[in-house]
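Peer 1: One structure coming up, written as structure tokens, with questions to follow.
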């Protein structure tokens with residue numbers, strides 16, 4: 001019992017010291033009454049012996065989120081809710097933003113890049129969960145520049161070391177075609193333009209697969225080719241009523257934006273269909289063009305695997321085929337059937353046109369290269385040649401003697417006076 005104290009409640013002298021965490025207490029062992037307790041906080045005199053902890057060594061619990069980061073986090077949540085993404089997507093996008101914001105290359109960036117970072121986090125989350133969403137859609141919602149967005153997106157993926165799978169084209173076709181306002185009759189859409197969603201979607205998928213097989217999709221933005229394929233699928237289902245409708249009118253009816261390269265992708269896809277139509281026997285008698293071939297898209301898609309093999313040849317095997325033909329011509333095979341009697345006669349039997357090589361459009365129609373002309377030389381050939389330079393052209397002793405003899409004769413002729 002310290003100092004002969006007693007419990008004020010029961011009067012017991014059995015008092016023990018009990019340390020409660022960092023606060024010492026004097027407790028009665030009989031009734032449990034706390035008789036005295038120490039001071040939990042320190043006094044000013046005690047704090048004089050303590051050492052202050054710097055911010056760099058602290059736990060960072062008192063650190064506050066900046067206003068810019070708070071605003072961007074709210075924008076991440078708002079963007080996920082506008083796109084109607086699941087809550088798990090929202091949490092993942094927020095975590096990606098917080099990780100990216102700690103990087104020095106992004107934290108010290110300008111304000112426009114931080115605003116674009118919001119869309120990059122949402123796009124990465126959607127790509128990882130195989131959610132069909134394009135970069136252009138987010139740029140439209142954020143009013144962001146596409147070049148700045150793509151650069152920030154690649155930088156973020158590289159710095160964070162993320163594994164982002166490529167976008168599935170079939171899922172993108174389904175989500176993009178679902179936004180078309182052509183599946184229900186309305187005052188802005190006449191009844192002849194309304195189409196069944198499943199039929200239009202299935203035919204659009206087949207056209208996009210055909211474009212992929214013929215190198216029209218590789219290295220290009222997907223939305224223009226999907227827009228062109230959707231337009232052709234919509235026209236081919238009821239060609240009598242829809243052939244007069246242009247691509248711009250179709251996009252206006254569907255309430256979607258017309259991508260700039262969609263018209264070029266449409267012409268390329270029509271050229272492929274026209275090439276395939278020349279391989280079908282019942283279509284060879286018809287003089288088809290890019291307008292009338294739309295009526296037969298159903299037949300072309302039904303036999304597209306066979307038609308692609310017959311209408312196009314593999315570009316990689318083209319060189320081997322040419323070498324084989326050269327060897328056969330060198331051996332003299334088939335020369336009597338195709339060449340006339342005279343040396344300048346035309347072939348008697350006309351050869352069949354070879355199929356178009358199956359190559360990307362950039363290789364079939366390469367851009368013209370600018371040829372730089374060589375600089376014009378100032379040497380005309382009439383300049384005087386010095387004696388030291390002439391010695392460079394003399395190679396044999398006989399040439400040296402001849403030159404000396406000719407030079408002496410020239411000097412002697414100059415010394416002879418002219419006759420009066």
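Counting starts with 1 at the first residue shown.
Each Cβ is built from the backbone N, Cα and C atoms, and glycine gets one as well.
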Peer 1: Using Swiss-Prot as the reference, determine which range in 108-114, 115-121, 122-128 is annotated region 'Interaction with target DNA'.
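Peer 2: Range annotated as region 'Interaction with target DNA' by Swiss-Prot: 108-114.
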Peer 1: Between residue 362 (cysteine sulfenic acid (-SOH)) and residue 28 (Zn(2+) binding site), what is the CA-CA distance rounded to a whole number of Å?
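Peer 2: With distance taken Cα to Cα, residue 28 (Zn(2+) binding site) is 93 Å from residue 362 (cysteine sulfenic acid (-SOH)).
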Peer 1: Would you list the other residues of this chain near Zn(2+) - those whose C-beta lies within 8 angstroms of the C-beta centroid of 7, 10, 28, 31 - in sequence order?
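Peer 2: Not counting the recorded site residues, we get 8, 9, 11, 12, 14, 29, 30, 32, 33.
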